[in-house]
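Only one structure is covered here, and it is reproduced in the block below.
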Amino acid sequence: MVKANAYGHGLARAFPGLRATDGFGLLDLEEAVKLRELGWAGPILLLEGFFRPTDIDVIDRYSLATVVHCDEQMRMLEMARLSKPVNVHLKMNSGMNRLGYSPEKYRAAWERARACPGIGQITLMTHFSDADAPRGIAEQMAAFERGAQGIAGTRSLANSAATLWHPISHFDWVRPGIILYGASPSGVATAIDGTGLQPAMTLASEIIGTQTVAEGQTVGYGSTFTARKTMRIGVVACGYADGYPRVAPEGTPVIVDGVRTRIVGRVSMDMITVDLTPVPQAGIGTRVELWGAKLPIDDVAAACGTIGYELMCAVAPRVPVRAE
Ligand SMILES: *Cc1c(COP(=O)(O)O)cnc(C)c1O
């Protein structure tokens with residue numbers, strides 16, 4: 001799954017590392033076209049399908065496969081003039097309650113799809129809400145089995161969490177996303193210990209200034225941090241305009257010169273302030289890792305009340321990217 005510009009990694013940058021796949025899944029038609037222009041001739045699945053009849057022209061021209069999750073999409077395909085049939089993932093709503101046909105309506109939808117000359121292969125598909133959580137997938141698996149009973153065709157159910165933790169759901173296609181980029185589907189970094197997964201992205205910068213603040217002095221906008229003793233503060237060139245979350249509270253982990261320390265004070269547009277107490281050797285030019293190889297993105301995300309997915313996707317276009 002390479003939606004959202006390969007989870008913020010850049011589709012073109014991620015492509016060489018992922019081209020051994022059997023297929024790609026994404027959302028935007030533009031990204032699908034980009035993937036074709038990068039030389040990918042295999043399957044590309046549009047995960048939300050399409051939104052208007054003109055989208056179908058692009059699907060046809062670039063030989064894309066598409067999710068069909070509602071009768072409106074089915075109707076558009078029935079009305080479309082195509083040069084060849086489109087392969088479809090017919091989506092069932094097995095309990096997530098976002099997109100898809102209910103198990104009760106699934107068979108009728110499948111029969112309608114099968115009767116549509118514009119539709120080629122039909123893959124049976126659903127998406128899990130809790131594959132990374134205690135609720136698990138049993139209820140949705142049961143709903144899927146019920147809705148898909150007696151229907152032949154390849155099946156695609158598993159996201160990253162189900163790929164890792166629920167092999168019973170693998171069937172013909174798995175749809176891993178977050179694990180391709182080396183982060184945890186559950187948002188807990190230790191959950192992928194022992195899998196061999198490595199973070200693909202490191203967000204790094206350096207210290208561009210230092211301050212020694214006395215007891216009682218404050219740091220940053222709103223004076224949210226007050227020094228309890230004399231201490232050194234490092235100013236890091238990275239802020240919310242780079243995609244570092246402004247909500248990151250005091251104590252959010254950061255690595256300075258290989259040492260784990262914490263941010264203090266508010267995240268600004270272009271700067272973060274960090275506690276240099278455990279890193280006395282740090283000065284201007286010292287390397288800072290915001291997340292990545294030494295600091296799981298999940299740890300930073302957890303401190304911010306979110307998940308690694310959101311941080312990855314939010315890295316701003318202005319951040320220079322280096323391949324390593
Ligand atoms: C994003 C997405 C996935 C991948 O989810 P991860 O949790 O990143 O593995 C799988 N299937 C669908 C339909 C998706 O939209």
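Glycine is treated like the rest: Cβ placed from N, Cα and C.
According to TrEMBL:
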type     : residues      : note
ACT_SITE : LYS3          : active site, proton acceptor
ACT_SITE : TYR221        : active site, proton acceptor
BINDING  : ARG98, MET269 : substrate binding site
DOMAIN   : 200-324       : domain 'Alanine racemase C-terminal'
MOD_RES  : LYS3          : N6-(pyridoxal phosphate)lysine
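Feature map: annotations from TrEMBL on the structure.
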residue : record                       : DSSP class
LYS3    : active site, proton acceptor : helix
ARG98   : substrate binding site       : coil
TYR221  : active site, proton acceptor : helix
MET269  : substrate binding site       : coil
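In the set LYS3, ARG98, MET269, none of the recorded positions has a C-alpha within 10 Å of the C-alpha of TYR221 (active site, proton acceptor). Counting other CB atoms no more than 10 Å from each candidate's CB, the recorded positions LYS3, ARG98 peak at LYS3.
There are 11 other Cβ atoms within 10 Å of the Cβ belonging to TYR221 (active site, proton acceptor). Here the domain 'Alanine racemase C-terminal' (200-324) has a mean pLDDT of 97 out of 100. You'll find the Cα of MET269 (substrate binding site) roughly 27 Å from the Cα of LYS3 (active site, proton acceptor).
A gap of 17 Å separates the Cα atoms of LYS3 (active site, proton acceptor) and ARG98 (substrate binding site). Note on the domain 'Alanine racemase C-terminal' (200-324): DSSP counts are 20 helix, 39 strand, 66 coil. Neighbour count (other Cβ atoms within 10 Å of the Cβ, all protein chains): 11 for MET269 (substrate binding site).
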